[in-house]
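These notes are about the structure you will find just below.
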Amino acid sequence: MSRRARLLVFGLGAAGLAVMFAFAVAGMPPFGTSEHLYRDLAVPAALQHRTANVVSSVNFDQRALDTLGEEVILLSSVIGTAALLRPTRGEVRRPTTRGGHVSDSTTLVSYLLLPVTVLIGLDVVAHGHLTPGGGFQGGVVLATAVHLLYLAGRYESLERLRPLTWYVWTEGLSAASFAVIGLVGLAQGSGFLANVAPLGSFQSLLSAGTVPILNVVTGAAVAGGGVVLLAQFFGQAIGTTRPPTRRSTS
Amino acid sequence: MSAVLIVVALTLVAIGAAAVVFTPEPARQAVTLSVFGILLTLLFFVLQAPDVALSQLVVGTALVPLMVMLTVHKINRRHR
Amino acid sequence: MYRGLASDLAPLAVALPIVMACAVLVVQRWASRRLADLLAMVAAVAALGLSAALVAATKDGRVVTWSGGWEPRDGRSVGIVLVVDQLSAGFACLAAGLTCCALLYSWRYLEAAHGHYHALMLLFLAGMIGFVLTGDLFNMFVFFELMGVSAFALTGLHIEEPDSVQGSLNFALINSLGAYLSLMGIGLLYARTGQLGFAQLGAKLAGHPADGLIVGAFVLVTIGFLVKAAMAPMHFWLADAHAVAPTPVCVLMSGVMVEMGVYALARVYLTVFATSIPAPVVQRAFLTMGLLTAAVGSLMCFAQRHLKRLLAYSTIAHVGLFLIGFALLSPDGLAGVALYVVGHAGVKGALFLLVGLLLDRFQSLDEGKLFGRVGGRHPACWMFLLAALALAGLPPSGPGLGKAITEEAASAAGYPWLSVVFVLVSAVTGAAVLRAGLRVFLGRGHRPGPIEPAHQIGAEPKEPETEHPLRRTPLTMLVAIGALLAGSIVVGVVPALAQAVGRGAVFFSDQAGYFNQALFAVPAAPAPASAAWWSWSGILLGAASTVLAMIIAGISLHVRPPERGHFRSRMIAGVELVRRLHSGHIGDYVAWLLFGAAVLAALIGLPLLP
Amino acid sequence: MRIFAYAVAGWLVLVGAMGILRSRNLIQATVSLSVAQSGTYVLLLAVGYQWEGAAPVFSPGSTPTSDVVDPVVQAMALTDIVVSATVTALLLALTIQIEKTHHTVDPDKLQQLKG
């Protein structure tokens, strides 16, 4: 279709959908309503399992199956990206020296930031059942932290710190552990992904049963997966190259 | 008070989205996307969703724009 | 509370492929290719066993599993429920069975991406199984995305083929946009009900006449599923993705993933919206869209010469028939569709694998380039022709039985003329495949001319999917093809299967029973014995569509291209117009997606305006 | 105010779709898709909001109340964000490969999949 025809079809569709959405919104409860049925069930359920962060309770206890699915989506995308960005015939890895021209102060700041960021990441993972955050957020922080080394201009030390296979294993084993922890609940007769660990005391580090365990597992999976994901893109952007000799297809 | 904050944050997000979409250069888009991520983070904080805000911060303003930037870098390098 | 062994089966069937995928991922670094093959195969067979056990366990109703041990009190729970009935368990079986065949076919194949390929296949399987077993709308979205993400990656696995990566991108973008529209719908529905489980949602909406929100939520939630099901005009991605995906992945996508869109549509409508959105409105809407899809699919199918793309469009045409079958909104209609889906999966899977064989051996997928090159001695020849006839509805094949039962349900619902549609669509798609088979294997008719530059796909020589071009066909590949064909025939000759599907369809469409069993553990009322089997009219219509397919194929083989200005050339110009809409341009696809959604909204919303 | 948040959510989806449509570069299309998806987060969180409701996190020292905003929509939004990141990663990887094989990332110039 020509650009104009495309815009016309889109405009008709968008207008129709906008009208439908307006009708739908007219039937919505007003913004900020105090009626939240699921909330009224989820908060007592979280307290019953001594979980201070109700969102974590929903994520890792009440609706843990969603989070298992989410972890596996991440796993799938990490494998998929690695498969799609695998080196093809004729592609060579460029010998990497430095990641670019970096001033000494940037290097220094990055080196200082690295341990701080790692600590923040670990903290966010460990307290996921008590304070905002958790395995996912902390995991992403950890994965990004490793790549601060690139900012520091140390791509080669980044590569040394990044034997990718290990991270793939971390990710795979952690995702599998999530499912296996779920199967433990099944084996004990309390149901798949049931909260079977001792619940501890409310608002303390050792509370909420399996929630912190699953948080840590998720943190490891996300950190591993995140590193692999970013490494693929870094590898493409600065690592591999190929002389543009392949036949043109256009 | 919270009503004003919410309206302001929502408006900023609505404008930010248009800004990202209508940024012509992919390299600059990585930056506007990152700013849009911050605006969303702000909105989520105002909506009392610190968990989601934190996620949005690490994913929407760091991870995804970084991947976009690296992709742009890769493609531009091959075209030069 | 005592939990029977049966209720452990559902979560096991989801968890097992996931754990095994991780195992494959970890061992692939140092183990040989054979071990990855073996582990993946073990996982797929085990998943098949678990799903088959679920089919057996749901003979008299549903198996309900609350994950996390959050059993409902007074019908309320914070947990996610898996509700399995015969049809969902059967779908899980189909997915696992097709995965087994696909893995068998790829036993010595896709060398470069090994390990990745196996893990992705297992995660794809886990996504599909979770998708059909769940009884929770948001959980369904999660598994929908899992299914999507692994399928996108699998489609693009041949990264050196330009078509492959572009097809995968179109697939990923359009399906993701559809999924986000679904999530918007879930948000709307949640705002109204504060619930996510199908049973709870249905109970909450029961008795509420449809208003703007309910219609909006229904349309949005189903858009994602309909994009996956490739309903016209949201079908463009399918031809792109199926034409370029690795052959074993095509088997899964064409055989079961696309049909899951129809499954989800039926599930969501029958358990959540059935009491609020009146059946006649939904019926009219999906009959219209189904007819459009079937028409576009069969037209485009016949116009193809790229073999995989031809099969892809035939899948679109059949999805149109499945949508029509759903639109009848009767248990018999559903039973017919379910049998049709199983029969179609076997036949279509076998055809894709046969075409894959040709690609590995002759490095082409073009009807013209392959003309007469294979020879009639090859075992693939008669398998291909048999599959073509089965696709056309030859009794007693599975597709024929499904088609016959659906046609009867259509007559019972007051649409006897739909039989003509079913006969025409299966005849045209069958004829297209038959024509291709006669040309490729037996060199009948005229050799098609060179490819016009406007239709570039298939113009380039393809690289074989195996490491080297195959000189002879490996036994594993032939066994996989044979198993798929045999499965498709078995559906049409074993009455017990049709019986089970018929009973399952009754459970599937019983909203109150679903609600009572999921939330209050009330055992299901026994379903009446099903009458789903061949009838004389069904056999005759099946024979008619088969003969018609042969006639059409024969004519198309022996008639020369028409002169300009001739009536037929004008017809071809019409086809050309439809064909030009399939532009491969992502912007077009987005525009059509929104347009289709708006059309659906109008079809359902306008009759309900006060 | 009653519906402003919902309207913004709808706007994000439409403007994102518009971005894919107008894009001259697949990276732009991918970014626009993630903008469209942010509409779903906004809708979910808006649906779960309650005036004067606290965050559903009872940090050490605070006492639990039931006047919190809905935690379930937040859990859904979290899952959604992961989905967004993963799909974006895959699309970007595909874009890189498209550039390698087609030597362009302009949708108008990708002419392979016609008919």
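Including glycine, each Cβ sits where the backbone N, Cα and C put it.
Some features that TrEMBL has for this protein:
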| type | residues | note |
| --- | --- | --- |
| DOMAIN | C:135-427 | domain 'NADH:quinone oxidoreductase/Mrp antiporter transmembrane' |
| TRANSMEM | C:12-31 | transmembrane segment |
| TRANSMEM | C:38-58 | transmembrane segment |
| TRANSMEM | C:78-105 | transmembrane segment |
| TRANSMEM | C:117-134 | transmembrane segment |
| TRANSMEM | C:171-192 | transmembrane segment |
| TRANSMEM | C:212-231 | transmembrane segment |
| TRANSMEM | C:310-331 | transmembrane segment |
| TRANSMEM | C:337-359 | transmembrane segment |
| TRANSMEM | C:380-397 | transmembrane segment |
| TRANSMEM | C:417-438 | transmembrane segment |
| TRANSMEM | C:533-559 | transmembrane segment |
| TRANSMEM | C:589-609 | transmembrane segment |
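Counting Cβ pairs under 8 Å that are 6 or more residues apart, the transmembrane segment (C:589-609) and the transmembrane segment (C:78-105) reach fewer than 3 and are not in contact.
Here the transmembrane segment (C:533-559) does not touch the transmembrane segment (C:38-58). Their Cβ atoms form fewer than 3 pairs under 8 Å, with each pair 6 or more residues apart.
Contacts between the transmembrane segment (C:78-105) and the transmembrane segment (C:171-192): absent, as fewer than 3 C-beta pairs lie under 8 angstroms at sequence separation of six or more. Tertiary neighbourhood of the transmembrane segment (C:417-438): same-chain residues 291, 294, 297-299, 301-302, 304-305, 307, 310-311, 313-314, 317-318, 320-321, 324, 351, 367, 381, 384-385, 387-389, 391-393, 399, 403, 406-407, 410-411, 444-445, 541, 544-546, 548-553, 556-557, selected by CB-CB distance under 8 Å and a gap of 6+ residues from either end. Remote same-chain residues near the transmembrane segment (C:12-31) are listed as 39-40, 42-44, 46-47, 50-51, 54, 92, 114-116, 118-120, 122-123, 125-126, 129-130, 133 (criterion: CB distance under 8 Å, separation of at least six residues from the stretch ends).
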